[in-house]
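J.: Mind having a look at this structure? Questions to follow.
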There are 6 protein chains.
Amino acid sequence: MTTKFEPLDSGSIPRYAGLPTFMRLPVAEPSEVDIAILGLPFDLGTTNRAGTRHGPRELRNQSSLMRRVHHVTGLSPYDRARIADCGDVITDPFDLMRSLDLISAHYASVRAAGALPLTAGGDHLISLPILRGLAADGPVGLIQFDAHSDTYDSFFNGSKYTHGTPFRRAIEEGLVDPRRFVQIGLRGAISDAGNYDYARDAGVRIIFIEEFVKRGVEDVMAEVHAIVGHQPTYVTFDIDGIDPSQAPGTGTPEIGGFSTREAQAMVRLLDGLDIIGADLVEVAPPFDPSGLTALTGATILFELLCVLAGVVEKKGTR
Amino acid sequence: MTTKFEPLDSGSIPRYAGLPTFMRLPVAEPSEVDIAILGLPFDLGTTNRAGTRHGPRELRNQSSLMRRVHHVTGLSPYDRARIADCGDVITDPFDLMRSLDLISAHYASVRAAGALPLTAGGDHLISLPILRGLAADGPVGLIQFDAHSDTYDSFFNGSKYTHGTPFRRAIEEGLVDPRRFVQIGLRGAISDAGNYDYARDAGVRIIFIEEFVKRGVEDVMAEVHAIVGHQPTYVTFDIDGIDPSQAPGTGTPEIGGFSTREAQAMVRLLDGLDIIGADLVEVAPPFDPSGLTALTGATILFELLCVLAGVVEKKGTR
Amino acid sequence: MTTKFEPLDSGSIPRYAGLPTFMRLPVAEPSEVDIAILGLPFDLGTTNRAGTRHGPRELRNQSSLMRRVHHVTGLSPYDRARIADCGDVITDPFDLMRSLDLISAHYASVRAAGALPLTAGGDHLISLPILRGLAADGPVGLIQFDAHSDTYDSFFNGSKYTHGTPFRRAIEEGLVDPRRFVQIGLRGAISDAGNYDYARDAGVRIIFIEEFVKRGVEDVMAEVHAIVGHQPTYVTFDIDGIDPSQAPGTGTPEIGGFSTREAQAMVRLLDGLDIIGADLVEVAPPFDPSGLTALTGATILFELLCVLAGVVEKKGTR
Amino acid sequence: MTTKFEPLDSGSIPRYAGLPTFMRLPVAEPSEVDIAILGLPFDLGTTNRAGTRHGPRELRNQSSLMRRVHHVTGLSPYDRARIADCGDVITDPFDLMRSLDLISAHYASVRAAGALPLTAGGDHLISLPILRGLAADGPVGLIQFDAHSDTYDSFFNGSKYTHGTPFRRAIEEGLVDPRRFVQIGLRGAISDAGNYDYARDAGVRIIFIEEFVKRGVEDVMAEVHAIVGHQPTYVTFDIDGIDPSQAPGTGTPEIGGFSTREAQAMVRLLDGLDIIGADLVEVAPPFDPSGLTALTGATILFELLCVLAGVVEKKGTR
Amino acid sequence: MTTKFEPLDSGSIPRYAGLPTFMRLPVAEPSEVDIAILGLPFDLGTTNRAGTRHGPRELRNQSSLMRRVHHVTGLSPYDRARIADCGDVITDPFDLMRSLDLISAHYASVRAAGALPLTAGGDHLISLPILRGLAADGPVGLIQFDAHSDTYDSFFNGSKYTHGTPFRRAIEEGLVDPRRFVQIGLRGAISDAGNYDYARDAGVRIIFIEEFVKRGVEDVMAEVHAIVGHQPTYVTFDIDGIDPSQAPGTGTPEIGGFSTREAQAMVRLLDGLDIIGADLVEVAPPFDPSGLTALTGATILFELLCVLAGVVEKKGTR
Amino acid sequence: MTTKFEPLDSGSIPRYAGLPTFMRLPVAEPSEVDIAILGLPFDLGTTNRAGTRHGPRELRNQSSLMRRVHHVTGLSPYDRARIADCGDVITDPFDLMRSLDLISAHYASVRAAGALPLTAGGDHLISLPILRGLAADGPVGLIQFDAHSDTYDSFFNGSKYTHGTPFRRAIEEGLVDPRRFVQIGLRGAISDAGNYDYARDAGVRIIFIEEFVKRGVEDVMAEVHAIVGHQPTYVTFDIDGIDPSQAPGTGTPEIGGFSTREAQAMVRLLDGLDIIGADLVEVAPPFDPSGLTALTGATILFELLCVLAGVVEKKGTR
């Protein structure tokens, strides 16, 4: 497949030159592409250290270091699908509920345009309105890489829409099928012992980091395939799933996380699933002075992009 | 006056030891003191770079470097008034309007307790609910040190409560007498040419930085005294009034601001006015890697404290 | 067991608000609690890069991110023991020997009050006077996680009290039983080839990082249990035992250290031993711009706290 | 004049959202506008600390904080001229001489398109090929704000094209009329006592910082007007002219420089001259961790833009 | 063997005192020593983020933390060979080709003086002129630890001498025997799918990070011994081979790299080979705010030094 | 005068290359030169934030940016006097009193060798033992640029030797004539109102920053000349005298200080006095992430060097 949606050639235009779009790609509308990379600058769902509103800009910036062809598969996503930077989703910094509606509407339109969305967040609350926009045909499967379950009921006088609660809402709203929902990498002390009960009672499979370490990437990912099966599945990757030595710039870091090696290996093993979209969330540049978190995030976005390109190729282009 | 409200003695307890309360003071209730230093961690009013929710903690931290006696007057505020760290005002990170009510109620109770509040913010929106809590007997005078007017009408689909709008609301609500309201240090490009019209039409005196530089501290402050007179007056100091070389850690920095020398000289010349409270706002630690902004802020808080102690001494203690 | 010694609830008081006490706990006297968390700001024993005098403040600061219940055991230390922030141990920044005496006396009084001390240092020399205060009934066992042996004889013209010498002193003074003393994680070049001879000759078991890597956490910790047995044992955790990618802010970093995963797993396997106290030392905030070292340290303190709570529960409360 | 070349409205699209073009302007070709803002990422002329190749990206990033209307004049450049981000000038990172030719050709084409160029560098060598592109009709006047004269003959075995030599070359090549060339702000030790002889002998007027401080902005700028007169004049602003407290991120900082207040006042007094283009050079982001240098640079760019818009308005649009 | 080439004794001269030479060694000429440690400040070969010109200074600075005796072998390189800091190789910052000649000549003279060179770079292009200086007797073996192959043909209009191309040149020039050339740790997306073809076609053995992880250090290093055999072999260690969490300060970081543990283990297993020199390249201090990259680099240099000392000891001193 | 003591030529050896000696000078013994530049890494006198032990290394590092000829006088110190880097004064990090003796002895020997010492500290306590070494012929005059008086009696249980007390000791010991002692720039709150009484009662002239600002540099320096007269005088420059925006990296910063412009102007006006030595103290690199403080300090050292060279020239060389 030939396409005009190619990254700038770093052999003629240096990586430090040019506007920092995602992966150095052209800017386009979702209707022109198979995969739309979107920024979603937003942190109104954050309970402690904000800053993910600046995430998309730094992820774009660091994505200037990405290249064309995956060294393991030898394949380039840009040969397999039309891909572009489709800009930022605009929200309202003073109205949380209106922002959720703006996001849902945006993703419904991306879906209507026929593009698979790959989103650079933003705090983890954004996954809820994204799912509202995408899961129009019934509950989808969900694969969550994360240090936290994000299935609390509410915080602070009953606030139901925070970055600690999106997936309880998603189950309640019928956006996600809890029996096709798996969480990997959870760890860290919790506020009360019943913290994980809701998710477990609903049928969600929780793989704590200790189980993950014991079993290894391949065994865990085989189970993930078994859980979500061949039906439509969404992937959400919270950067705090990765160890803070490799991703310090996030609001709620937890030591003892995935290595980037493990993270990359897991994302590669998503290949073959029916992924309908993915996000990478919780990169908070004000806490990332070295830029390493955004670099890690940009590389995970590239890995996810390769998986999504495989989905496009398999289905055939529109 | 003898008082138990003394800072820790740095000649026996090193400045790096002990809990970092404001000025190394004891923690107490407003009802026990003449001046209550309060933290107000809050940034829901911020339009661009958030982070002032972390301001009070770093201002407390840097205030460990403060000492007892002002070197110009030879007076110690702790000899003139009972002063304590009265803790943080707690707000709701997911409910802006409820937060404003929580703040108003808190300051009404501080006022009822008979203490003068000195507040470490927080973004500039906090001045509005503080004034609601304090201006129960009618409009007060207002002295604002700032790079920005903060008298916009609204942002983003009509949001009326942001850190760019508090003083228009305060005038509309009758909390501030616009003819006894003076703004000093304004500068920086603006969104539209009519930006300052509301304030000017209402009778507010705007002293841009250019006029300030031409006239000098003493002349300007003489006019300030003439404007606010001997009636109750509130003081609000936005750290972005100071030049970003001396206060980089703020959400909306503007080059060409006050030097700290000028800022200190101006605050000292507030002496003799009937100040009913003061705040220091917009310190955003995530953008202050060296801690200099919080150090500058803590020193301005100390200067304000000395002025407030003079007010207490003049009125006699309760 | 019900107790008033609870951390602030982060669902109603945001983590960025309030005074940063250890784990957001109340401040209390050792006599009121089962476990006393103490700060010990001190760096007079440091040979190269100082800064651990600022350690306790930043460990408190980052401990705002800790929560109540351990996710592996499902147990909360606050349900099992009364625990508080018991303030800082005050030393004399110009008198090393007097400081050692002040520390010893302080820990003797904590012991007399019946509380188990958990200390946030400070450089590694502090373990010596802590042991002097605690080992009144004869030599104790010692488990040391560290990159360095700290059993040199002296430096610089015969200085015997430095952060490179505490454990030789502790053996000489009969505070530690060298046959119940194990060191784990040692590595890095040494000043002379006989460096480890003193410790080995005295009967100390040294497990270098290479042996640790080969055998793994579980095997090593089984040997640790065998070495210290069921008698009273002190635990000292030097943050430089952990890899500098996860704990860069320390005076003498050595690459190739424990991962935090390994460190957490080891500390959890201290469960069941008769621990009489523990410390976490060598966090030097001036070399920790991102705060990651203090976060790692605060999390290790939480893991140690869970182990100590188990000791308290087993023995019954006073 | 109405124009579609407007910055994004920060009241509906937050400043942290969207691609960071210069001043949040649309991207366009020079032929579409009156003033072309160009990035010129380049540091092959640097003798010591490189990094200005990253300058345009960070200047664009910080320019997100700029607004529409100058607060002193009440005028918006966007009402007076068509202005756009015209992208980066691409050079060859391995061929200095070829890069100079690429730059010259690019500016010749901008000139041919009828746009006034405003350039964000890049090290100071870029002014030479820019002048080559612009001074096709004979020597132009030159106003240089700088800590250094940049009129050395050569370095390192005779290298004639470095950031310390552009203006000797420009005089030699007849691009600049040395009697219409003024340098303001020079300071700092020099390599040999005859350093300034070439410039002085050629007729260049050097105003050292000491003379500047003694005379003040207005007197100096009156002389500048007298020197360059009403003929075509280029303006080059080296960020190291400004004090390193306000612009630390540069390769060759010199203490004791302009304050930003002074810099802004000087640029405003360029109004009325026949400016044919301007550049802002030597912003080196790797040495600017706080972003303050790029913020200062972006604000100076805005001030220069306002002056250029006045030139456009005076001449009438094309 | 007794030698005057000893590091300063940190027990009498603190590590923070004295000039920061490599390993705190004396400065000497190559002709006086068996192993010459050289700085090579150079970054003219860099395609994106420059800064390695500052590498040698920071590597020297951090090497102040190194000690005498390797803790695994119990041997000190300073007992086995005469070793000194032989200063910096001076190049021309404005002439890439002349710089390559200066470097080649310098290493030819080091070789003629009979010293083994250990080089602290500089970007990876320096390995080419080093090999030109050393491989006078025919092609040598090459062991490359790296994230990238650095066997591109050219960049930017045909530039053949960049940090992405040295090893293709070295093969073409007959400096390296491609059948005795092994690359370990390669990873990261590539610009085109044929990227590795040249190296593979030439007979180079590429061990990607995925293969390395699967097989482990010992198996891989056994193969390395088999590949290079007992003939003269050069070692080049690109710091970006190591994971960016442990070496962030480099121009082209790639996540998922070697741990320092793995890197140290591999270097130790070079023992027994006929190493004729080694370099450690691509440390870029402007991107290394914490100094961790330089610390990691200095420790790898110490490990390489121990290997080289073994070579000297085996051959007997001159 | 011709001399071999010349800085490296930055036109042939780049500033980033070579060992970072002071001003890029050769290393020599005091007996070989007229002016000995010495490092004095020491911070045992520090009450709060330590780190000046790392000062000399970073001052050397930043002094790589200095050049040969003063741009105002057109004179080079290297043409007027023999000047070298005479290494670091070694002290004992565990014995304050012994360190003071080591320093005194070192400076007595420098004096005996006939060289004028220019010292890069170290905390301010070092001025005491330096004066002990230099004032062998009776009390000398003293010019102190500083934010603090440093004439306290004692801290912490009677410690008499701290960086807050050196000048009271110096007066008591008859090293300094208090009537020929002037302090300039003092400011900041103080611990008790009688803080300055000792100095004033002894006859010391204190010029607070407020008086300095009102009178200006020239008037103040004329008084300084009148106070110290033509007799031997020592100069001590505490970097915290300068505003923290230009010198943040220091242990006890105070806002509202000298600008570097003012500082440079004052040091230049020392010309003509009989200066017997000078120091620049309190640069604390761990609190100076941008290096600006060390750059400012290195430039002040260069200005002091020019003044000392004038003294040498006037007296004739030995």
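Every residue, even glycine, has its Cβ placed from backbone N, Cα and C.
Nobody curates TrEMBL annotations by hand; they come from automatic prediction.
Okay, these came from TrEMBL:
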type	residues	note
BINDING	C:HIS124	Mn(2+) 2 binding site
BINDING	C:ASP146, C:HIS148, C:ASP150, C:ASP238, C:ASP240	Mn(2+) 1 binding site
TRANSMEM	C:292-312	transmembrane segment
J.: Counting Cβ atoms within 10 Å of each candidate's own Cβ, which of the binding-site residues C:ASP146, C:ASP150, C:ASP238, C:ASP240 comes out highest?
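T.: Highest number of other Cβ atoms within 10 Å: C:ASP240.
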J.: Given the binding-site residues C:HIS124, C:HIS148, and counting only Cβ atoms in the protein chains shown, which has the most within 10 Å of its Cβ?
T.: C:HIS124
J.: Determine which residues of the chain contact the transmembrane segment (C:292-312) at the Cβ level, with the cut-off under 8 Å and only residues 6 or more beyond its ends counted.
T.: 22-23, 34-35, 37, 55, 58-59, 61-63, 65-66, 70, 73, 75, 77-78, 80-81, 83, 116, 118, 120, 235, 237, 239, 242, 246-250, 260, 263-264, 267-268, 270-275, 277-278, 280, 283-285
J.: Which whole-number value in Å describes the distance between the Cα atoms of C:ASP150 (Mn(2+) 1 binding site) and C:HIS124 (Mn(2+) 2 binding site)?
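T.: Answer for this pair: 8 Å between alpha carbons.
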J.: How long is the line from the C-alpha of C:ASP240 (Mn(2+) 1 binding site) to the C-alpha of C:HIS124 (Mn(2+) 2 binding site), rounded to the nearest angstrom?
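T.: The separation of the Cα atoms works out to 10 Å.
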J.: For Mn(2+) 1, what surrounds C:ASP146, C:HIS148, C:ASP150, C:ASP238, C:ASP240 with a Cβ no more than 8 Å from their Cβ centroid?
T.: C:HIS124, C:GLN144, C:ALA147, C:SER149, C:LEU186, C:GLY241, C:THR252, C:GLU282
J.: By the DSSP assignment reduced to helix, strand and coil, which category contains C:ASP238 (Mn(2+) 1 binding site)?
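T.: Strand, per DSSP.
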J.: Name the secondary structure element type, per DSSP in three states, that contains C:HIS148 (Mn(2+) 1 binding site).
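T.: SS state of C:HIS148 (Mn(2+) 1 binding site) = coil.
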J.: CA-CA, which of the binding-site residues C:ASP146, C:HIS148, C:ASP238 lies nearest C:HIS124 (Mn(2+) 2 binding site)?
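T.: For C:HIS124 (Mn(2+) 2 binding site), the closest Cα among C:ASP146, C:HIS148, C:ASP238 is found at C:ASP238.
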J.: Where does C:HIS124 (Mn(2+) 2 binding site) sit in the DSSP three-state scheme?
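T.: C:HIS124 (Mn(2+) 2 binding site) sits in a helix per DSSP.
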